[in-house]
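Below is one structure, written out as structure tokens; the observations come after it.
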Amino acid sequence: MHSGRRIEELFKKGALEWQKDTCINFYESPNGEGTSKYTLKLVEKHVFNLCMQVGIAAHEIGHAIGMFHTQSRHDRDQYIMLDINSIKPDGLDQFDKEPPNRNENYGIPYDYGSIMHYGSRSFSYNKQRTMIPYDDRYVDTLGSPFISFYELLMMNIHYNCLDKCKSNPSAAKCYMGGFPHPRDCSKCICPGGYGGKLCNERPQGCGKILQATSTFQPLEDSVGYDHIQNTRDAKDEFLKCNYWIQAPQGRRIEVKFVSTDGVATDGCYYDGVEIKAQKDQRLTGYRYLR
């Protein structure tokens, strides 16, 4: 596909990722003027050099609608450690912190799985990690290709989208910290791993509900496109299988990885396994590709 058309296609897909779960609307200018032209140039500058991915387009559009990099939050030093010695000199400004008076996060916690977070080796000149999360189980999660639930919530708060359902007596009562969808108050926007109209069901699609037992039981699954041989063949759309593992109240669940096979990248950009074991289920889980 011609590169210009491909950039436009990615821009539209990236914009839709924000639009479909907020009240933000993107309109195509017939004469190519205005903010959309600037944003398209911004996306073109970065996507063109980064394998032309929808996640990169959504990241750059995130800047256009007001978001800073997650690692630039004023409270980032509580969550990540920077290895200044591994950062390219011309990339140091990418790790500048924003002052609190410029960085309103609306009480949203730091999410290692934010699409606005750089990968752990971003701007590295020696292939070492430039950012190390204090919770080292998140080290492979940094650099996510997905807009996180908390980023959607932040934008819905910032643009007053939540007000659309506040006065609606029939607005959905959401579970698991979800919130009524500003485009359809009868259903919820749910954290990852939860679905149904009220976030109290397993998402549709592959996967199933499993019962934990006192001994390990095997689980083997394959997700994706068998014919893809390298990252250049990757699809724009992601395929997800959701498994719920249940255990009696008061018991803990243990999961052991035997082996996985795929392309190892920051954020598990091409494939990976996410375990949601943290107390706040609205946060992105721990992602692995070993």
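Keep in mind that glycine also has a Cβ here, set from the backbone N, Cα and C atoms.
Note: TrEMBL annotation is automatic and uncurated.
Feature list (source: TrEMBL):
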| type | residues | note |
| --- | --- | --- |
| ACT_SITE | E60 | active site |
| BINDING | H59, H63, H69 | Zn(2+) binding site |
| DOMAIN | 1-166 | domain 'Peptidase M12A' |
| DOMAIN | 206-290 | domain 'CUB' |
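Between the binding-site residues H59, H63, H69, H59 has the most other Cβ atoms inside 10 Å of its own Cβ, all protein chains included.
In sequence order, E60, G62, M67, F68, I115, M116 are the residues of the same chain, not among H59, H63, H69, whose CB sits within 8 A of the CB centroid for the Zn(2+) site.
Mean pLDDT, taken over the domain 'CUB' (206-290), works out to 79 on the 0 to 100 scale.
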